[in-house]
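Visitor: One structure, pasted below without further comment.
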C-alpha cells in the first residue's frame, strides 16, 4: 500500500506479443476498412440517407434551371461557364452531407470512439479524404456526363451550334477542377469550424456571397473567390493575379485547417 | 505509467501521477471534480499528450499498438456518439474498424440490455442507455483492460448492479479494470484497490481494506468511566465515539493490555474502520455537503 505520492520512475516491461489479444492488437486494421467506415458514416443517419438520395435529383434540377433558359450560347465559353454555377449550387446537398460528416464528428465528439479504436489522426484524415475523393469522382462523372447533354439541348433550342463536343478534355478539366475546388472549400470550412450548423451557415452564406461579390467586383473578390481558378480555366477568369491569389489563399487555409485538426482536443 | 504530468495554461492539472495495474483486479480512481482523473485517463489512452511521463499498457503506449482496442476497451465520455446513428450502427462501425465480426455488436448490445433499442437513434437514448452503449463499445473486442470514466453515471440501481457484476466478472476472468467514479458506495462494493487523486497528485493508493483501517480502536465496557480513566492512565488519548464506544488512539493490542491490567471487563473492542467517504474527503481536502 502507498499513501502519498508514488515514486516517479519507469517500470520496465517488455511488450507482450504472444498472447492472443496481443497478436490481434499488433495487427492494424486495413486502411480500406477505415475508408469503408468513413463512407458508411456519410450515410450514417436517416437524414444523411434522405439528403444523399435527393442529391442527384437536385443536381439535375439545377442543371435544367441553368442550361435550358440560356439565350446566348454562341461561344464555347458561354456554353461551359453555366456549369460552374451548376457545380456550386447543384452539389449543395452533397457538400452538406460532407460537412455534416467532417464537422459533425468533432461537434458530437464521435471522433473519440474512432480514435480510441485507431489512434492515428493522419490515417483517419486520409481515410476521410479518400471518401471525399470518391465523392468528387462521382460528382465529376455525373456532371461531366449529364451537363453536355443538357447544354447541347439548350443550344439546339436556340439554333446555336454545340461547341463542346470536340473539347471534351477541356470540359472534363473544368468539371474536375470546379468540383474539386468547391469540395475543398467545404472540407476546409468543416475542418476549421467543428460545428455542423456553423459550417453549413458559413458554406451556404459566405461562399455564395463571395460568388456574388466576385460578379460585382471581380478584380477585388477574385483574389479570394475559391472557384477563381476554375473560372480562369473555363475562359471567364479575371486574371492570373486573382487565380494565383485565390489558390494560395485556399491552400493556405487547407494547411491551417490540417494543423488545427492535428492539435484539436478529441476528449 | 509513471510521472504523468499535464499543465493547461500554466496550471498543472496532473502532477507526476504514476501507478501500475495488476491483472485480475478492479481499481477505482477517485477524486473530486477537477482533480485530474479524466485528464489522466485521456493521457493513458493517447487522446491527450502528456507534458512529461508515459503510460504503457502491456509494455507499449496505447496509441503505439496498431489495433489498441484489443488491448484496452475505453469509455471516456458516453455522450461522445453521433446522435443521428443507431446503437447497432455505431457499434457495427467500431466492430469493422477493430476487425471483429459485426455480430459481436449484437452480442454486446444484448449483454448490456440494449438489444431492444439497437435500431433506435442514439439521440433518443437516456443518459443511462448511452452509458451502457459506451460500456458495450469498450467490451466489443473483449480486451484484457477496461478503462472506464464514471461508468455508472446515470444508471438505475439495476443497471449499477449489472455493471458491477460485469466488471467483477471481467476481473475474475483475469482482466483488469480501471474505473473512475464519484459514487463512493459503488466503489466500495466493486474495487479491490483505490487510487485517490487530489489536486493532480495521487494522495493514496492501496487495497480498500488497508486504506480504510484507522490507527484508532473502538472500545466499550459496562463501566465507561473506569474504562476512560484506565486508558488515560495508560497514556492513551481518548475521544467519544458513536454507539456508546470510546475511540482510543492506540492499537487494539495496547488497549487490550491496558484494560486487562486494570481488570475492566470489556463489552467490545475492535479496530476503527473509516468509511471510504471519510477517507476520500480527508485525503482530497474536501468537506461533506
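Each Cβ is built from the backbone N, Cα and C atoms, and glycine gets one as well.
What TrEMBL shows for this protein is this:
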- A:50-68: transmembrane segment (TRANSMEM)
- A:80-103: transmembrane segment (TRANSMEM)
- A:124-150: transmembrane segment (TRANSMEM)
- A:170-193: transmembrane segment (TRANSMEM)
- A:200-227: transmembrane segment (TRANSMEM)
- A:239-261: transmembrane segment (TRANSMEM)
Visitor: Among A:50-68, A:124-150, A:170-193, A:200-227, A:239-261, which stretch has the highest count of C-beta pairs below 8 Å with the transmembrane segment (A:80-103)?
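Guide: Ranking A:50-68, A:124-150, A:170-193, A:200-227, A:239-261 by Cβ pairs under 8 Å to the transmembrane segment (A:80-103) puts A:170-193 first.
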Visitor: May I ask you to check whether the transmembrane segment (A:239-261) and the transmembrane segment (A:170-193) make contact, with contact taken as at least three Cβ pairs under 8 Å and only pairs 6 or more apart in sequence counted?
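Guide: Yes, the transmembrane segment (A:239-261) and the transmembrane segment (A:170-193) are in contact.
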Visitor: Counting CB pairs under 8 Å, which listed stretch among A:50-68, A:124-150, A:170-193 touches the transmembrane segment (A:200-227) the most?
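Guide: By the under-8 Å Cβ criterion, the transmembrane segment (A:200-227) pairs most with A:170-193.
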